[in-house]
Amino acid sequence: MGIRRLVSVITRPIINKVNSSGQYSRVLATREDQDKASPKYMNNDKIAKKPYTYRLFSILGILSICSLLLISLLKPFNGADAPQCESIYMFPSYARIDGFDERYTPLAHKYHLYLYREQSVDREPLNGDELQLDGIPVLFIPGNAGSFRQCRSIASACSNIYFDSNTRATLRNENVRNLDFFTADFNEDFTAFHGETMLDQAEYLNDAIKYILSLYERTPDYPHPKPQSVIIVGHSMGGIVSRVMLTLKNHVPGSISTILTLSSPHAASPVTFDGDILKLYKNTNEYWRKQLSQNDSFFSKNISLVSITGGILDTTLPADYASVEDLVSLENGFTSFTTTIPDVWTPIDHLAIVWCKQLREVLARLLLESIDASKPEKVKPLNQRLQIARKLLLSGFEDYSWMNSKLNYPQENLQEFSDNFFSDYATLEMNDVLDFEMFNLEKWHNNYTKINIPSNISSTEHLHFTLLTSLDMPMIYFCTESRVNLSCITAVDSILTVPRSSKDTQFAADSSFGEAKNPFKAVSVGKNILQKYDYLMISKPTYGEFSEQEGMEDNQGFLLALLRNVSNVQIVNTTPSQILLFGEQLHLDGKDIEQVISFSNLWDSLLSYKLETKIEASNEGIASEETLFQPFIRQWVYEPFESKWHLNIINKSLDINMHNVAPFIPLNESEPRSLQLSFFIPPGMSLEAKMTINWSLTLKMLFIRYRLALASFPVAFIALVLSYQFYWYNKTSEFPSFDSTLGYILRKHGILMFFTLFLASPVVNNKLVQRILYLLDPVGLNYPFLLSERNMHANFYYLGIRDWFMSTIGILFGVMTVGLLALVSKIFGSLEILVIFLQRKLSKKNTEDKEAFDTIEHKAYGKGRLMASVLLLLLVFFHIPYQMAFVISLVIQIATCIRVALLKLSNNEQKLNLLNYNMTLLLLLLFVSAINIPIIIVFLHNVAIKWETSFRSHHNILAVAPIIFLVGNNSIFKMPNSVPLDTWDGKVTIILFVYLTVFSFIYGIRNLYWIHHLVNIICAWLLFFETIH
């Protein structure tokens, strides 16, 4: 049963009950009856035909919305995407720094500064009235609606590691010192919604840093050179605030050189409700790019920016937004995912990223190993800091991780060995597997195994060495041999930690930090490094080394090594459309320990896949035997540095989702973007796998990336309907209802409209088209061609899609928008009927039907309404944001619609015109209010915390005055008169609504705030139109 029919079945008895008296039947015609209300109307334009197409699209749209909501809420994340954070505890204490008052910052009444101390571990924060500071200053910046207490987890871990002599001994830092964690209390400000709030925080924190450094200057017994800089740790929008700080006039030069951000949206603003936020992003990014482009600037030589994101579990902020690729080069920072970080290996949600046990241990070590108490800067040089960050935050398989590896620089790191050091060795030929196992050690009679690296073959293009072991520290030597001496480098710093994959592990985090099961170790070296050496020496492990491994069952210890000159990379050129139609069959033999499948055409973050794996039929018997390890997969992309680990994959269905090429996110188009799957397979085992599209996960992730479309798409459709309504109104003097007009559009132009929604994505992805769109962009804040010298490019238009295959999303969103608008419209219609019914029940008598209309119709704006409007504008000018006045206008428009519905008219056609006009305008204002409400939330929050300073932004009375006066006109039942279509007045009205439609579709998602201004301009025209006619 269609929605319209369902509403009719519910409401018809009420209408019949009211109409039973007879005398009011001519008065109570509603929009539900408009198909029968005016024969003349039907004969003129036939717009009110039964909209079966509209019903179909409405039902499909509502079903799509429900399905998407159910999938988003109910579908769990599985396997590598499942949350595995462990619980933590700490004993926090906070000392409020009251000395940082109005003498140092004008924002002291609004914000506060605290010093964190871990109870029973740290030094007491106060000695009488004086702060006790003996460490290195770190400033924690909370995010949107964040608390200063969120610093406690990382600060606690830093204190526990440093003040425990055993754990402090494991730090690779001779000049380590305890950390003094300062944290800012912003009273849970909504930073993401309001640019002025972000500026306030940045200004306050610059003053706070200046004050913090002065505290150390006044500390007489500080044991080291006085600090001249502060380490920054920012969560969410706090990371953006930290970047803004360096652009302000009150920034102390050199006071910030190390920034670590957690789930911070560097690449793009997560919301576009406020123009100030977008301008702040633009100005800050341009400042950073300019500074970093100068090789001799402080930024280039000192600033490090490391961004960490929780990946797929961050449903508050799309993980794609955490990329810093367009801001800093790899010499100054990078982006990593928590699924990539060794000993963490789990996705983390937006809030948990500040307290997750596994991650906080790594972050604490990163901070403690990056500092240098002997220097005033209190941090190591830039290249050393990034080397530490790469070691701790990347998997180690990335080429970027090898930048500072000792193996990469043999001339500087080779050590001389005596000729007889490796005297007891056996030689292993290339392509033969070295297989040390706990139960077969006796068959290996030599202490070392030598693997010669070929140098005289015609091509070593595919030369690679792979080692995988359960040992904690395998001994591997990369050696060069000359006539004079033997020189080698131990591969200690190149041994990588990978998750343990066995029958008793399900998730990568099962062998992460603090777990009973030890992870595996691996070495993966390519030709570029191997060609610098003559041979490898691998030490034979002892039985004791195997047996001492925690979580190791009998006979499970192993060490596998293999040198091959055969490519272990299989390139698959299958496209998403081919996977959709046929799937992709994969075959992996057991000839190599690590085999890589590179999907050259799979790079779109919007698509998720499902991978089903099984043992090849020819060797299924292996499944019942004890293998050295269970096959596992490292899923990865080149940049950003995201890796995921899928364990124990036999007979499993794996979810494959990546953060790669994403909507609206800048990327370097010269870098490879292929999805990579590295299979680690025991010798002799062959696997079969099939890849298909995972539609449920794809749809689940759509909502996270396109939440802003919930405002822009409905506004575009409503504006399109209004343009048609005014067209028919000017043509026939009949203003059709929203439902009938949308139904007419779908019936007459639905195929063209949805084809346009599909075709728009590949069209706006064209660079020539983007240049034209940028020239036509009235906002001008989103330049697609960011850094041409680095091939950095972004698609800010429409849905930001770069692949034609996902262009169908436009059609899906179009259908969902029709369903949403139909649902809202029917709710309004039902409320209208209910109001009429209640009015008839409560009213005792009805008089002067026509006279009442005539009196109101000729009524002037009135002094009372004029004074109320002027008073509201004065409030906007002096105190409240104009968004608040907009919502007040929305409430007045709702009241107007109710009053129009209750009118008793002899001329039913006039009432329908007035009702349809006001109802459609109400729909428009309702969805625009979704854009304005976040600013109101910020304003009310400031009122709640009794912040006395006025709301310094959004006091432009011109941004809301036309809306206020138009709604005031509507409240006295005025509406624009119909004019001939061939006049400029009629054309301008239609052109304005068409432009709003196009803008909302093409520019709307990334410029939501501008939609309000366009609606305001249209209201100004309608107000002028009503006045002159």
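Using the three backbone atoms N, Cα and C, a Cβ is placed for every residue, glycine included.
Swiss-Prot records N-linked glycosylation site for one of N573, N651, namely N651.
Per Swiss-Prot, the residue annotated N-linked glycosylation site among N918, N969 is N918. The stretch from 57-77, 708-728, 749-769, 920-940 that makes the most Cβ contacts under 8 Å with the transmembrane segment (804-824) is 57-77. For N302 (N-linked glycosylation site), applying a Cβ distance below 8 Å and a minimum sequence separation of six or more within one chain yields G254, S257, E377, L382. At the 8 Å Cβ threshold, with sequence separation of at least 6, the transmembrane segment (1008-1028) lacks contact with the transmembrane segment (749-769), having fewer than 3 such pairs.
With a threshold of 8 Å between CB atoms, the same-chain residues lying at least 6 positions outside the transmembrane segment (749-769) that come near it are 53, 57, 784-785, 793, 795, 797-799, 801-802, 804, 806-811, 813-815, 1001-1002. Here the transmembrane segment (57-77) has long-range neighbours at 2-4, 83, 312-313, 347, 655, 696-697, 699-700, 702-703, 746, 750, 812, 815-820, 822-823, meaning same-chain residues at least 6 beyond its ends whose C-beta is under 8 angstroms from one of its own. Listed as Cβ neighbours of the transmembrane segment (985-1005) (distance under 8 Å, sequence separation of 6 or more from its ends, same chain) are residues 272, 664, 706, 708-709, 711-713, 715-717, 719-720, 722-723, 726-727, 730, 760, 764, 773, 777-779, 796-800, 976, 979, 1011, 1014-1015, 1017-1018, 1021-1022, 1025, 1028-1029. When the glycosylation sites N447, N565, N694, N918 are ranked by how far their Cα is from the Cα of N668 (N-linked glycosylation site), N694 comes first. Considering only the recorded positions S236, N447, N485, N651, N918, the residue whose Cα is spatially closest to the Cα of N694 (N-linked glycosylation site) is N651. Take the CB of N694 (N-linked glycosylation site) and look out to 10 A: across all protein chains shown you find 20 other CB atoms. When the recorded positions S236, N295, N447, N565 are compared by the number of other C-beta atoms lying within 10 angstroms of their own C-beta, N295 comes out lowest.
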